[in-house]
Amino acid sequence: MSLIPSLSLLLMSMVAASYSETVTCEDAQKTCPAVIACSSPGINGFPGKDGRDGTKGEKGEPGQGLRGLQGPPGKLGPPGNPGPSGSPGPKGQKGDPGNSPDCDSSLAVSERKALQTEMARIKKWLTFSLGKQVGNKFFLTNGEMMTFEKVKALCVKFQASVATPRNAAENRAIQNLIKEEAFMGITDEKTEGQFVDLTGNRLTYTNWNEGEPNNAGSDEDCVLLLRNGRWNDVPCSSSHLAVCEFPI
């Protein structure tokens, strides 16, 4: 029975000693040197909850992002309107004289003479076989019979005019050329009885047949050269030989 009280007293003594040692140690941390050792630190606890948001700070300066890579070139846009003409530039310096070919060289002269000789031969052949030449006129026929309007058109096509004798020599040349009665470039279509050439000029030479012009049938406004070389008025709608004159 005496053992139990003894143990109780022992435990109470140990608790009291431990408390006393703790207080003494805490006080010793304030007054004792650092060599006095206290109890070891405890284990870190769990993190606490997030605190409340603080007040909004001042606006910061604009930031600068990193410069990206250069992209590929874009498509060409539509062409713009033409700009205004610029002012004339300064006058250039005078150039060196050029070299002109010698137009009067012996070669050019010889070629020109050869061409003139050949043209003269051709005219002689044409005169001998197809036409007649008097002075600076060449009379030519194609041997076809047609109305006066068609004769005019034919001659104009070849840059000629309907044969119109201005004197006895030309009248005779046409007479010797034809084998049929031929139209001449003479009419009184504008004014009855007043015969003129196709340019409207009055005639200075005539060779009318006896009793002509008589305007038989009231529609004889054109003139024929007969086989005997005389003239006779006939209707322009009749068909006769075409003779043209070419200036040479």
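Our numbering is plain: 1 for the first residue shown, then up by one each step along the chain.
Just so you know, glycine gets a Cβ as well, placed from its N, Cα and C.
Quantities reported herein were computed from a predicted structural model and do not represent experimental measurements.
Annotation source Swiss-Prot lists signal peptide at 1-20. Here Swiss-Prot flags 42-99 as domain 'Collagen-like'. Annotation source Swiss-Prot lists region 'Disordered' at 43-110. Residues annotated as 4-hydroxyproline in Swiss-Prot: PRO47, PRO73, PRO79, PRO82, PRO88. The feature compositional bias 'Basic and acidic residues' is assigned by Swiss-Prot to 49-61. Residues annotated as coiled coil in Swiss-Prot: 112-130. The domain 'C-type lectin' annotation in Swiss-Prot covers 134-245, and the record cites sequence analysis as its basis. Swiss-Prot lists CYS155-CYS244, CYS222-CYS236 with the feature disulfide bond, giving sequence analysis as the kind of evidence.
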With H, G and I counted as helix, E and B as strand and the rest as coil, say where DSSP puts CYS155 (disulfide bond). helix
Do you know offhand how many angstrom separate CYS155 (disulfide bond) and PRO82 (4-hydroxyproline) by C-alpha? 54
Protein Cβ atoms within 10 Å of CYS244 (disulfide bond), excluding its own: 23
Densest Cβ neighbourhood among CYS155, CYS222, CYS236 (disulfide-bonded residues), 10 Å radius: CYS222
Considering Cα atoms only, can you say which of PRO73, PRO82, CYS244 is the nearest neighbour of PRO47 (4-hydroxyproline) among these recorded positions? PRO73
Between CYS236 (disulfide bond) and PRO82 (4-hydroxyproline), how far is it from one CA atom to the other, in Å? 63
Using C-alpha atoms, which one of the recorded positions PRO73, PRO88, CYS222, CYS244 comes nearest to PRO79 (4-hydroxyproline)? PRO73
Can you check what DSSP calls CYS244 (disulfide bond), collapsed to helix, strand or coil? strand
